[in-house]
Amino acid sequence: MDISKRTQRLIWALWVVIVPAGMYFVYQFAPPGQIDWPILLGFTALAVLTTYFPFKVAGTTIFLVQWINLAIFLKYGVFLEMLVMQLAIIPLAFRLKISYSDFYRALFNSFMFFMVSIISGISVILIGYQVGSTELKDIILFGFIYQIINMFTNHVILYLYLVVTRQENEGFFGTDTLWDYAGLVVTFPFGIMLYLLNVHVGPIAFLLLGVPFLMITFLVRMYSNSTRVNDDLNQATEIGHKLADVVSSDAIIDLFLTKINKMLPVDYSYIIDIKEGNMMFLKAMEKNIDIEIHHTHEELIKSIAGEVYKKEKPILFNKHSEWRNTNLDFLPYDAQSIISVPISRNQKMEGILVIASRKKFAFETYQLQIISLLCSYFAVSLEKARYVQEAVSKSERCALTKLYNYRYLEQQLELDMNDLLNGKLRQLSLLMMDIDRFKGINDTYGHQSGNDILYGLARLLEKECEDYGTIARYGGEEFVVILPNFSKQQSLQLAENLRAKIEATPFEIRTELGDQQQVTLVNITTSIGVSTAPEDCDEAMALIRNADRALYIGAKREGRNRVAEYVK
């Protein structure tokens with residue numbers, strides 16, 4: 001969640017007013033005693049190096065600097081511990097790549113550690129600790145109390161900050177808190193040993209304890225990074241399996257972007273389709289909301305997507321200054337980090353993915369490869385879905401008219417009738433339509449011309465009825481329209497409108513005259529039968545039979561070009 005500008009200004013004001021003045025007063029009232037500069041420099045260097053190499057465990061950033069703070073406090077007191085901690089925040093801010101717009105976060109950390117140092121240090125001194133003590137029991141007892149107060153105060157301030165700024169949190173004792181206390185248990189003995197070694201052997205203590213600890217920290221960091229890569233790879237594989245299970249192209253596109261937006265800190269995501277060398281937007285999401293974007297191929301070819309298209313290689317930008325000279329009109333002004341990856345299948349680029357974040361350095365280099373892998377899964381899944389949809393379409397559609405066939409009609413009518421019987425529909429009507437004297441058209445103009453009329457009538461029915469129900473070719477020159485929640489009167493009115501529309505519409509047929517093709521306009525009429533459930537029947541096939549009976553007895557026998565209803 002973004003922090004409001006007002007809150008950011010408040011953090012700046014708190015830091016400016018409290019931290020510098022507070023450090024001055026602490027120095028005045030609790031100045032450090034005699035300073036051994038080589039040892040102090042050693043402490044400072046160790047603290048800076050420790051914070052410069054943080055590592056992540058279970059999504060929590062950890063830098064184990066508490067033991068060094070403890071040793072500094074035991075030896076020099078509150079002021080120098082506070083000063084070294086403030087210095088250690090600087091490399092941490094660089095390491096975490098905190099931008100100027102997010103610099104308030106570094107100031108808040110500085111303010112928080114300042115308060116933690118004062119509260120924990122003064123509390124321990126007030127209950128009896130003598131700075132620089134060499135009594136082992138005092139060192140262990142007061143050192144442990146110092147660490148507990150230090151950690152508890154840290155969590156109280158952080159928890160209050162999250163509550164006041166209305167950010168998501170796991171409660172006072174969440175996962176991050178448990179990791180911090182686990183770190184305290186592990187590092188507390190190191191802090192005691194570092195202090196005692198400095199007392200007895202001097203600066204060599206940093207070689208005996210500091211260097212090995214840094215090496216261990218570095219190895220843990222490497223292991224942590226390796227684990228993160230493996231976790232992301234496993235997550236990518238899982239996403240690939242989920243994409244493979246989906247057979248709808250639209251659902252695959254939605255799932256793909258949704259999973260990427262959850263996997264990475266993505267604010268803006270776009271899929272650009274490439275067909276016959278032309279680029280166009282297929283899907284766009286900004287802050288998890290679908291949006292419409294319209295850019296021409298010429299505009300897109302000049303953008304980052306165009307660079308990926310030309311070079312057929314992925315691109316990663318860490319901040320706005322790296323791509324400010326690139327045309328990216330479709331990206332919001334606050335975008336910073338960008339990944340753009342080709343979507344390829346069988347060595348052919350079929351699209352481009354562009355994702356962006358408002359944070360600088362939001363993406364890492366290894367994630368570029370993982371996104372490329374996901375794009376491969378996406379392309380394969382999309383192609384498979386298209387094959388499945390084509391197969392389903394062939395099994396459900398009439399090859400000539402592209403309307404649903406009798407097989408699909410039968411299934412859909414059963415479903416609609418069940419909905420009627422279960423109370424989900426009030427009424428269910430069916431129109432049965434037949435072209436009058438269609439055989440004469442075939443005999444006069446040829447069967448191909450008859451096919452032209454069937455195709456033209458199918459398009460007219462789609463235009464007039466698609467919003468009302470299911471349109472199907474029943475067979476030959478007969479068509480059916482299923483109308484859920486249509487009363488008989490409404491159905492008769494619709495049928496009459498269709499009959500009149502068809503009679504008034506000339507249909508194009510093409511005939512061959514030698515090497516030339518001639519276009520002829522032909523007018524046709526139709527007869528239509530209407531039946532409605534539950535008035536006329538309560539079975540799907542009975543509804544068809546009743547409409548068919550109305551068609552032939554009530555319309556055909558009465559002279560054709562008529563609408564007739566079923567009468568019991």
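Keep in mind that glycine also has a Cβ here, set from the backbone N, Cα and C atoms.
Here is what TrEMBL records for this protein:
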{"type": "DOMAIN", "residues": "426-568", "note": "domain 'GGDEF'"}
{"type": "TRANSMEM", "residues": "12-29", "note": "transmembrane segment"}
{"type": "TRANSMEM", "residues": "35-55", "note": "transmembrane segment"}
{"type": "TRANSMEM", "residues": "67-94", "note": "transmembrane segment"}
{"type": "TRANSMEM", "residues": "106-127", "note": "transmembrane segment"}
{"type": "TRANSMEM", "residues": "139-161", "note": "transmembrane segment"}
{"type": "TRANSMEM", "residues": "181-197", "note": "transmembrane segment"}
{"type": "TRANSMEM", "residues": "204-223", "note": "transmembrane segment"}
Field: Contact set, same chain, for the transmembrane segment (139-161): CB under 8 Å, 6 or more residues outside the stretch
entry: 66, 69-70, 73-74, 108, 112-113, 115-117, 119-121, 123-124, 127-129, 133, 169, 172, 177, 180-181, 184, 188, 191-192, 195-196
Message: Let me spell it out: take the transmembrane segment (204-223), skip the flanking residues so only those 6+ beyond its ends count, and list any with a Cβ under 8 Å from a Cβ in it.
response: 42, 45-46, 49-50, 53-55, 64, 190, 193-194, 197-198
- line: With the cut-off at Cβ under 8 Å and a gap of six or more residues from its ends, the chain residues touching the transmembrane segment (181-197) are 62, 64, 66-71, 74-75, 136, 139-140, 143-144, 147-148, 151, 204-205, 208-210, 213
Per Cβ pairs under 8 Å, the stretch of 35-55, 67-94, 106-127 packing most closely against the transmembrane segment (12-29): 106-127
Message: As a test of reading the model: what is the averaged pLDDT for the domain 'GGDEF' (426-568)?
response: 93
Composition by DSSP (helix, strand, coil) of residues within the domain 'GGDEF' (426-568): 61 helix, 48 strand, 34 coil
